[in-house]
Structures are given as structure tokens and as C-alpha cells.
Ligand code: ADP
Ligand code: MG
């Protein structure tokens, strides 16, 4: 593959308002000076690349190829760099992020969730067929092309995390916020290929059906611990009563700890919940539950973040999970104010942890991951 050369050029675009911010970039609306056409520009600070710009450029070249080839992948229009930044210019997605859009709907059924997951999976299968692992699938990275009802869902983040997090793993887990969508093998550092995307799709599916994530815990460490042993359930029952057996089975097949036993993206596409008849899916309107839980979690996580910040200030320094914020769902635009606190109470009191607790958790995670890793290493050794 041709290695794109580093070229320093003046910017051909005028940037406008900020559309969103990720962990290592800012996305701004922009207009091409010559054509007057509007796009979105993802601005990546070179300093954050820490000498790995060549890999980013290489990845961009690959993505430039695939982004034109699938309806559910945002098209990369242009890329260039200035002295300080790298710019990825893409189509402007005017339909907003996945969850905001669902919350604005009048009703929302299991079949709607299946449609959204099918679109996402088909893009992911396409990426996988081209040897690309996204590694950062989550609702914030799924955008709608237009505000219309039948708009395409787009994967909007070009999987740069694949390059970023190899050595900056620590940075990512401590600054990204939530580990909630990460697969167990990521924490075990036992290789993370295509199966990590299918795991993330399992988490997204769970989230789309109830409004909270399966491994949501009070701290990132507890969350990682839960992920490592796939400690989740379809509870509280009241929120899962209307959800079909197929949907649960689909989630189970995604949230399988052993990546070799997990469904592939193609298997997921032909799973009964995705490919089967609509009559097999739950028929309840999920919107009230999903919206209520989403808002409740948002309130809870705001409280946890506040308590954590206070604890950090009190302890006069920055703890080991600095910069981490809780799984903080974003605002819901047409909020109806009905954020039942019942849920908030059952999810924990949001208190900060003592150092001893954190240490103990870290030990348990280390032990768990070492155990699993050793098993896997042994299996790999036997297979070789
Ligand atoms: P990061 O990789 O840093 O997470 P993203 O590509 O996910 O960056 O972009 C961050 C946010 O910016 C997204 O969650 C979304 O809200 C917004 N965004 C990204 N690309 C577009 C786009 N093409 N059109 C509109 N909004 C976008
Ligand atoms: Mg993103």
C-alpha cells in the first residue's frame, strides 16, 4: 500500500461551530472555501498523536477506500494537515446522535432497535471484510445522515482508536470516560480483533432495549471487573418483560467472554433477531422505559461525577482514575422531566470509594484477568 506523504498545507476550509468532541479530537462544522459546501471536520491535535502520525495517515488511507463503499459509513471527503492539526473532512451528519434521536421519537419498538443494529452490523461486517476493526463502537459514534425519519444510520468515527490505544491504553482507560463498551479481551490485553466490535454491538443492543448499559457500575474498576466475567443480567425484570427471547439470545451471543466463541458480524447479521420475521420480536412500545432509565442514569452519573470531584479535591490530589467520568449519557432534548429516582437509588449511592476498596478491586481485576489470560495462553500454546 502506498504510504501517503506528510504534507503541510494551508487550510482550504473555514471552520464554524463545534458539533461535538471526542477523546482526542474536536469536530467542527466547516465550509469549503472554493465550493461553499458544508462538511464536518474532525480536528486531531498532532501532539496527542505522540509521534505516531504515520500510522494515522496510513489508517486514513485505508479508510478513505472503505468509507465510499458502504451506505452506513460516513464518507471521508478529504484529509490534510496543518502545523498543529490533522483534519478529517467528512459529510455533515445532520440527523444527530443515535440516542438523542430515539428519545425524540413518539414511539419506539424492538423492531426499530433491530433495524438500527442491522444497519450498524452491516457496516461493521463491511469493515471486517476489509480487515478493519473499529474498536470504538458506541451510541455517540452512530449518527443519522439527515433529520428525516428514514435517514441512514452512519458509523461516524473512523476507528482511529485502533491506532491510538495500543500503547496509550492507560491514557484511554483513564481519560475516555466509560469502559462500558469494551470487550474483556481488551482489558486482558490478549489481542483484540474483530470480536471486540461484536461485543460492543451486544452492549449497544442491550442499551437500546432498556436505556442503561449492562455493566453499569459505580466506578470504572467495578465496571471492568463485571465485563471480565460478563456479569450482567436482564434485570430489573419490569424493564425486560416486553423484550423477546430472540433479543436476549442475540445479546448473549455478542456478550460471550471468549472471543472465539462469540458470533462474528456475519453470524450476527443472520441471527433470528436481526434476520427473522418481525412477529418474533417484542411488540411493546419501549420508549417510556428507555427514556425513563436513560434520564435516571444521567442524573445518577452526574451525582457520581460530582461526588468523585469533591473526593478528589478533599484528598488534595488526583486519584488513580483521574479524568475518568462515569457513563454519562448525554442530554435528552425533549425531556419530559420524568426522571424517576427509584432507579437511581437501586443502582448504588454514588459514594466515592476508599483507597483500600480501590486497591482491593484492582487486585481482583488483576487476578481475574491473569487467570483468564493464563488459561487462554495455555490453550493457545496447546493449539500451536
Ligand atoms: P472521537 O473519535 O474523538 O470520539 P467522533 O468522530 O466520534 O470523535 O466525533 C465526536 C462527536 O462529534 C460525535 O459524537 C458527534 O456528535 C459529532 N460528529 C462527528 N462527526 C460528525 C459529522 N460528520 N456530522 C455531525 N456531527 C459529527
Ligand atoms: Mg467518537
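Cβ coordinates are placed from backbone N, Cα and C, and glycine is handled just like the others.
Lifted from TrEMBL, the feature list:
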type: BINDING; residues: 42; note: ATP binding site
type: DOMAIN; residues: 13-274; note: domain 'Protein kinase'
type: REGION; residues: 316-384; note: region 'Disordered'
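There are 26 other CB atoms within 10 A of the CB of residue 42 (ATP binding site), with all protein chains counted.
Along the domain 'Protein kinase' (13-274), the predicted structure has mean pLDDT 85. Following the DSSP three-state reduction, the secondary structure of residue 42 (ATP binding site) is strand.
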